[in-house]
Amino acid sequence: MEDIDAMFSHLLGEIDHLSQSLKPAEEDPASHKESTFSIGFTDLNESLNELEDHDLDALVADLGSKSTPQESSTYQHNSTLADNQTVPPNMTHGSAAAAALALPANNEPSKVLQIREPQTKADKIKLALEKLTEAKFKKLIVKVLMSDGSSKTLMVDERQTIREVLDKLFEKTHCDCSLDWCLCETNPELAIERGFEDHECLVDPLSVWPRHSQNKIYFVLRPQKYVMFTEPQLFYMWKKKKACLGKINEDAKRLLIKENFGGSTVIVPDLEGTLHLKEDGKKVWKPRYFVLRASGIYYVPKGKTKSSSDLVCFVHFDKVDIYSTDNYKQKYRAPTNFCFMLKHPCIQKESHYIKFLCCDDERTLLLWVNSIRIQNLKHCMNTLSEYLIIFTDVSTTHNPSPPMMTNVEDYPYEPPPDFIPPPPPGHA
């Protein structure tokens, strides 16, 4: 009985620790209400002013289309104005209550006032402020930072994926529509960053940011964003020597992609090796042998064997994101700067529910980070099928690669050309 009480007390303590990690700091309810509509701005009014005119017009039109029939009726134009009556200058456009005050007492149809549509940007902002709280779908006004220091302001709703937001940025920046472009979030307090996956919805992770957070969103080019599709042999043949991996042609790559991504489920690379584990609450790192599985990451305790029965679960992949780190050798005395972090997206400050791992070199970091990303792709089979079409077709559009030769005698003989151009003047 005492053991049960002790286990129950320990469980309550764990729940308390987790609630403290997820609980935001006390803040003004009004400012929290504004934070649910804008990201990267001091207040909602500033974010609306930063919107381009056509974006603001689209927002007002979208919000107006979701008004109730009683509210939308106040916007109708009537050819006959009330005799000797004008709209009070302090009336807020779009307010059904204010429009009702302006109606004559007898409610005659000929006396209905004409409520004009908002014309100035200030009028549109005032109307948007009123209607945002009534919107059916959650909307955010987001500041996205560019690599040159400039920024773009976007209106995003909860239904839009990262790929759809990237399409908006392509229109605004006029850059190439490469798949390598990425939206990346940074957390200066934890010194981490993460590139959003194209199938994610942007509003969900941004909604858990604290009100006065220093987190930012960047629009960056990541050439290795889909390295698991362009170089699949790095992850599914990682035990091979580098010389062998370099001889893999495009046909072999397409075959690897279809074998591991084209089935009913994604096959996670059977990755394993020694990583450095950070102890909870301490700047102490200990080497452990880790194994990657579809359900999570497991490690071999000290003094145990590598058999499956001795493996201990380090972290489950249920609602856990992977983040790259910045200068953890100095911040947490890590053995190297090739570290990554695993945590729930709601945890925005230091907590013992955050898991830290450190790799010996950049290649090992690349293997583990992208192999864990592959595991996360199994939750988006529809998007994954699009990737398969894109990356397998990209390979076939190029000229087929010649078969890999290992001996000089295997290369076919080609006679020299009939005409050899003379060397440039001054050269033998």
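A Cβ is built for glycine as well, from the same backbone N, Cα and C atoms used for every other residue.
Unlike curated entries, TrEMBL annotations are predicted automatically.
The feature domain 'Ras-associating' is assigned by TrEMBL to 138-224. Per TrEMBL, domain 'PH' is recorded for 268-377.
Helix, strand and coil content of the domain 'Ras-associating' (138-224), in residues and according to DSSP, is 16 helix, 33 strand, 38 coil. The domain 'PH' (268-377): residue composition by secondary structure is 23 helix, 39 strand, 48 coil, according to DSSP. Within the model, the domain 'PH' (268-377) shows a mean pLDDT value of 91, rounded to a whole number.
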